[in-house]
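Pulled from TrEMBL:
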- E98: active site, proton donor (ACT_SITE)
- D239: active site (ACT_SITE)
- E332: active site, proton donor (ACT_SITE)
- E353: active site (ACT_SITE)
- T456: Ca(2+) binding site (BINDING)
- 496-535: region 'Disordered' (REGION)
- 499-522: compositional bias 'Basic and acidic residues' (COMPBIAS)
Amino acid sequence: GGGRAGPGLSAVCLCCRERVRAMFYHAYEHYLESAFPYDELRPLTCDGQDTWGSFSLTLIDALDTLLILGNVSEFQRVVNVLQEGVDFDIDVNASVFETNIRVVGGLLSAHLLSRKAGVEVEAGWPCSGPLLRMAEEAARKLLPAFQTPTGMPYGTVNLLHGVNPGETPVTCTAGIGTFIVEFATLSHLTGDPVFEDVARKALKALWKNRSDIGLVGNHIDVITAKWVAQDAGIGAGVDSYFEYLVKGAILLQDKELMSMFLDYNKAIKNYTKFDDWYLWVQMYKGTVSMPVFQSLEAYWPGLQSLIGDVDNAMRTFLNYYTVWKQFGGLPEFYNIPQGYTVDKREGYPLRPELIESAMYLYRATRDPTLLELGRDAVESIEKISKVDCGFATIKDLRDHRLDNRMESFFLAETIKYLYLLFDPDNFIHNDGSDFDVVVTPYGECVLNAGGYIFNTEAHPIDPAALHCCRKRKEEHWEVEDLMREFYSLKKTKKFTLKRPSDPGEGESAKDPEDTEKAGEKRSPKKSSHSVLSCPSQSFNSKLAVLGQVFLDNT
């Protein structure tokens, strides 16, 4: 309960954490047994179906959850299975949004966690590797969707043929603004700017087309930039656009993205917020169009906590939690004035958003109420949704009828956020006191120091990794040539490489910004001139600028 002292709470945590672990394996093992290689498990008939493509989606989505639960051997096995079995050269119409957040996001996260999971990584990692190549291949299949007059992407693309002739130009706002986390990560790791460029162009196109009162609608025509659905809110169709402005700003240390979000945030508070609920309004007039709470909106308190607005976040969270307690889950739509479900929207497909917010807010406040929500979620899901072959979507929270589907986000997000809520010492919660130093062709690089940014499918991205591969691709070969030259010199002569006027041996001549970002402490003394500004450089200082300074004192 909420009033218990510390030891009682830790017992609750431990007990719930082990229950969550058991839930994961009940679902995961039945997916492998009954549904693999299909995308998803059908838990009532114990078989599988393809839903978002044909990618063995649940396997990709569950991969980083395996590591968070500590299962390195299964992580390693699945990495091999995916390398051998997943093919993106298929004649399938795929959702651009879903393929990005689940497939590209899942593969990028697994790529960056590979070394931690004991996978033998190749020499250039994290700037190269099989999972990174797969993520890049999947993302390239999505690029044709962005070739529109506005830069806003189509919602669907054929993985073999590109955008189908006659494809609808109407895309939801989230389907346009939810790429920057994955695509910027790809650009930074591969050295190809095209991904980040298209993601930024799409974000800015939405910003440019906001209404005079500062709101965006729900669906827009990507050819004409005319709003087709003019409802403005924080939920379905819009949600992860706002999420990615904040997370993109944190990941990339980008003030412009944050100021865009803060402007939206003001308009959202002014026009859609009533008594710590958020309603839907007409984007041009600000008049209420739907007094409805949607379960997808429950990510918002977690997002507020990321910008430090914890008090408002908690008040909204507690409103949402009352709905959970009323039904034992969050119905897709809830009529706020009537205090009840909306017709045909009574289901709960085991969504993660309220649990996600609880995890963020618990990190910020340690309020035991948040653990109670977690415990309630474990009990509800086990009692209502557990079947012999996994966990089934709840079709109707009023009578607990079930649907024959287990979405891949149940293992990617719901289970992960529950586990992390109850596991305060998980490596994901690292505060920077522990980290790995990796040598790349571009120099030393700090990884796994914490500060992970979750994409909207709960795939954690290590922000430090974006600084590991900073040189452009063509410079990569120059570094390799210099290293070869260095090793041939080393055979004939024993020497130490130092940069000119360097006060200490073995200090990398890094950009001060890099040093600060990596959290390293360096001597405050600087050489009297910038190495980068020299008209001509000796071999050793050039090598120092491009990457690691090598020492040989033996």
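We count from 1, first residue shown onward.
Quick reminder: no glycine exception, Cβ is built from N, Cα and C everywhere.
Where TrEMBL records a feature, it is marked here on the structure.
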residue : record                    : contacts (Cβ under 8 Å, 6+ apart)
E98     : active site, proton donor : W52
D239    : active site               : A174, L296, E297, Y299, T456
E332    : active site, proton donor : Q294, S295, L296, V342, R345, E346, G347, Y348, P349
E353    : active site               : S295, L296, E297, A298, Y299, G302, L330
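All protein chains included, the residue listed as 'Ca(2+) binding site' registers 25 other Cβ atoms within 10 Å of its own Cβ.
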